[in-house]
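Peer 1: Here it is, the structure in full.
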Amino acid sequence: MEVRGVWRMVTVLCFAASAVGVSCSKFDELVQPSWATDHIIYEGELLKLKLDNSSGAGFASKSKYLYGKVTAELKLVEGDSAGTVTAFYMSSDGASHNEFDFEFLGNKTGEPYLVQTNLFINGVGNREQRMDLWFDPTADFHAYSVLWNPRQVVFLVDDTPIRVFSNQEHRGIVFPRDQPMGVYSSIWNADDWATEGGRVKTDWSHAPFVATFRGLRIDGCEWVPTAAGPAEVQRCSASAWGKEGRYWWKEKEMEALSVHQSHQLIWARANHLVYDYCSDPGRFATEPPECGKK
């Protein structure tokens, strides 16, 4: 794999030795603090975001991308994390933005973390799903990924798909396809809603709350901001091979889940899904259109 500057479509940041055969860049070559620089800590191959009663913290990629796959190796806040939220997400700009969210909702000591995923399309969200996990996300690092191509958006945990948003434009359902997105992470206090609907508040005696990154990988078509927008959409939407190289995230086998991945998705949702907006008549008197028959 080529390093950034040879292929504009591929950007890789590696902290872990597990990324064998991958060219690596320093963290600050690819991302930058988006707020509270003094709450971002570098410890060798680790990056830590800290929350205390004065501030949280966040970072943002220096580039934006149209299609690709992003992965963070992340260890969540240990112990009593009630009231806190750690987020890893992609987002475009503006009121009519697109956004793909992982939000990790803290909990009382001994209670499971909940992972909330959400999608905003043209500024409209309200597509929350929540799952618990089949492991302790505070005990070790695990990989959280978003795959985005013209056919689907897939959320994955350790390469197990937990959610798929398929392109259903044939049914008149809008799909995110023309807004470049940055890669972001943040930690903040959300005790008005994050834990048991806001009933459990943040206990600041347990601060600082720290989320730790060991690796961040971005494979995507890097958007050139000085180029014409329509031309960039066309370039990044091209076939699986572009002028700069291989758009592997758009190849035929990436357009839908494999049989094995489909079985993984069924297992994950049958055993770990705790909330789905598609099954909440209290919020939606009529089932959201994307939830119906494909």
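For all residues, glycine too, the Cβ spot is worked out from N, Cα and C.
Dumping what TrEMBL says about this protein:
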SIGNAL    1-24  signal peptide
DOMAIN    25-213  domain 'GH16'
ACT_SITE  GLU99  active site, nucleophile
ACT_SITE  GLU103  active site, proton donor
CARBOHYD  ASN107  N-linked glycosylation site
Peer 1: Measuring Cα to Cα, how far is ASN107 (N-linked glycosylation site) from the residue listed as 'active site, nucleophile' in Å?
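Peer 2: Given the Cα positions, ASN107 (N-linked glycosylation site) is 25 Å from the residue listed as 'active site, nucleophile'.
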Peer 1: Are there any residues in the same chain, six or more apart in sequence, whose C-beta is under 8 angstroms from the C-beta of GLU103 (active site, proton donor), and if so which?
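Peer 2: Spatial neighbours, sequence-distant, of GLU103 (active site, proton donor): VAL85, THR86, ALA87, TYR89, VAL115, GLN116, THR117, ASN118.
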